[in-house]
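Colleague: First the structure, then my questions, so here it is.
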Amino acid sequence: MVSTFAERPFKKLVLFDVDDTLTPARQNVSLEITQILRALRKKVVIGVVGGSDFVKISGQLAVTGSSVVEDFDYVFAENGLTAYKNAQPLPSQSFIKFIGEERYKKLANFILHYIADMDIPIKRGTFIEFRNSMINVSPIGRNATVQERNEFEAYDKQHGLRVAFIKVLREKFPDYGLTFSIGGQISFDIFPNGWDKTYCLRHVEDEQFEEIHFFGDKTYKGGNDYEIYTDPRTIGHSVSSPADTARLLKELFLPELK
Ligand code: M1P
């Protein structure tokens, strides 16, 4: 088989989560990380796999004027349900087709009632974000500002709102075949079982990489990096921030930059 990436000296793929791995949460990538990724791409194949949709991932990573699909060999948005290889789109999947209109309506109605009954310090707007391959549910609402996000995250750490919400949803909809995953600060994602970040690995099988590395911060059980981090097909690296990712990349792949 002729590899698409024959010019790279190592037949390895390095995949990255976005928030708190390549960028601060919901913010843009730094010049330092961009330069490290460029150096890394001369040696190995690189990809990004995020829970957010393509527009958001693109906004966070395409800050130097170029496009995210040109800066990464693989771009996997919504866990790889929206995917690009060499800037070309790969087949995608639909949440609503999987779940069906009637069952979705029951789920959405229950979620909105539950949020209406939640007594939290503030609420904003967009409590359910409907995406191609998942829905994202936020008790405060997705229109929260950065400051409001940080406050909600701290409040939730104390009160366990999202964990309790997910427990109720699991009990109420046991036969829906859904996974509930906390990936960020103010929300959680709901998608069909198996449509977690390991989904993206099917898109890279044909290249037969010798190693697939994954860097992520939410690698604990229940975090949205857990499944791909623990998958036998990957070598998982748990990081705490973009600075930690940079440090580890230099140690493992780029000793010349140390
Ligand atoms: O990428 C991680 C998560 O980022 C966002 O989460 P939040 O808005 O709660 O910080 C969302 O896009 C979520 O879907 C995603 O998993």
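Heads up, the Cβ atoms here are built off N, Cα and C, so glycines get one too.
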Colleague: For the Mg(2+) site that TrEMBL lists with Asp17, Asp19, Tyr229, Asp231, Thr234, give the additional residue from the candidates Asp217, Asp244.
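Modeller: The candidate from Asp217, Asp244 that TrEMBL ties to Mg(2+) along with Asp17, Asp19, Tyr229, Asp231, Thr234 is Asp217.
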Colleague: Where ligand 1 binds, which of the binding-site residues Asp19, Arg131, Tyr229, Asp231 are close by, with Cβ under 6 Å?
Modeller: Asp19
Colleague: Measuring Cα to Cα, how many angstrom lie between Asp231 (Mg(2+) binding site) and Asp17 (active site, nucleophile)?
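Modeller: Each residue's Cα considered, Asp231 (Mg(2+) binding site) and Asp17 (active site, nucleophile) end up 15 Å apart.
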Colleague: Out of the recorded positions Asp17, Arg26, Arg142, Arg149, give me the one sitting nearest to Thr234 (Mg(2+) binding site) by CA distance.
Modeller: Asp17
Colleague: Would you count the other CB atoms within 10 A of the CB of Asp217 (Mg(2+) binding site), including those on all shown protein chains?
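Modeller: Excluding its own Cβ, Asp217 (Mg(2+) binding site) sees 24 Cβ atoms within 10 Å.
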Colleague: What is the one among the recorded positions Asp17, Asp19, Asp231 whose Cβ has the most other Cβ atoms less than or equal to 10 Å away?
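Modeller: That would be Asp17, with the most Cβ atoms nearby.
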Colleague: When you look at Arg26, Arg131, Arg142, Arg149, Ser187, Asp189, which the record names as binding alpha-D-mannose 1-phosphate, what is the longest CA to CA distance in angstrom?
Modeller: 20
